[in-house]
């Protein structure tokens, strides 16, 4: 414990933006996949689930960050879980009060936010070490990234599987929807396709970079 | 729903509404530990054991909380019970099979955040199963989870030797495979009765 490096992060735009792209919880870190696949059969469900998760993520990260000096190291995981479960219970009752229809559509997956590893991961890897403000911004970014990923899946699946977006019909009346897309296999396929796209983009970028290095080296 | 025969509950949980491939529960270990058949098998057994313990405990807790009118504490109690059950399994495995303990690694404590287990506890409460039905449901769910994990591990062991395009390596390929498996399991829809 002789030198304790200052691990506390300075607040920059990157604190927020990282969650959206570079460390996107779904597309890059592959965390919290269960709700991502299960509730994204329509855009509306995806949006609601994303917002609910973001709320729990932000609130529990902030509380963990506030209590970080008081939680004993040995029981930290249990403490985080209890904190998360508390906020999930709040969200659960909240959604039930706002819209029973939405509550029925999301089903058990609202309560299953407890077992979402994105949230526990944030608490353990970030909130337990950082100040309140950076934690707030960072977890908000992560939540936004998670919601974005859910929307990316939800819209594609709704358009293909139901021919609608947010309930508004896109195609003429005789359009035959591709029903498998709103069924379980569709979830796996669409997420797989998004990952393929991101892999392709990343590979292309890497290839361009190596080419550029090659060109500059040649010019010298 | 109350008179649902035990055989149908088992069939329903294990195959028709397979926890991984039809209900999307427990995707993280499904993608994470399905690299080798042996690890997949052990992971499946450990998960099944935790499922049985937490299912039995969840039944008792639900009765108690209903009695005391404290239902809003249900979620917190369930997750606490699951965490303790996982701790129990961890100690057990460490004591009797250190090799297995090492091969499961981080995924053993992570059973706590396996939503298949919490999902099981929540579903059995929602379906109002009695004690025996709950246990059979847990057994079926565990068997289904193990089955999905083994199928995936078998496929991935074969795939490791195949040449696939660069762009589809890693998680993208696994997800596509899972999609195909899920498509195959849809063929079981309607088997053994019409209830969901």
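Counting starts with 1 at the first residue shown.
A Cβ is built for glycine as well, from the same backbone N, Cα and C atoms used for every other residue.
TrEMBL does not curate its annotations; it predicts them automatically.
Positions annotated as transmembrane segment by TrEMBL: A:20-40, A:46-65, A:77-96, A:102-123, A:135-155, A:175-198.
Of the candidate ranges A:20-40, A:77-96, A:102-123, A:135-155, A:175-198, A:135-155 has the most C-beta pairs within less than 8 angstroms of the transmembrane segment (A:46-65). Using a Cβ-Cβ cut-off under 8 Å and counting only residues 6 or more beyond its ends in the same chain, the transmembrane segment (A:77-96) has close neighbours at 48, 52, 55-56, 59-60, 63-64, 67, 71, 102-103, 106, 110-111, 113-114, 119-120, 123-124. Here the transmembrane segment (A:175-198) has long-range neighbours at 27-28, 33, 36-38, 40-42, 152-153, 156-158, 160-163, meaning same-chain residues at least 6 beyond its ends whose C-beta is under 8 angstroms from one of its own.
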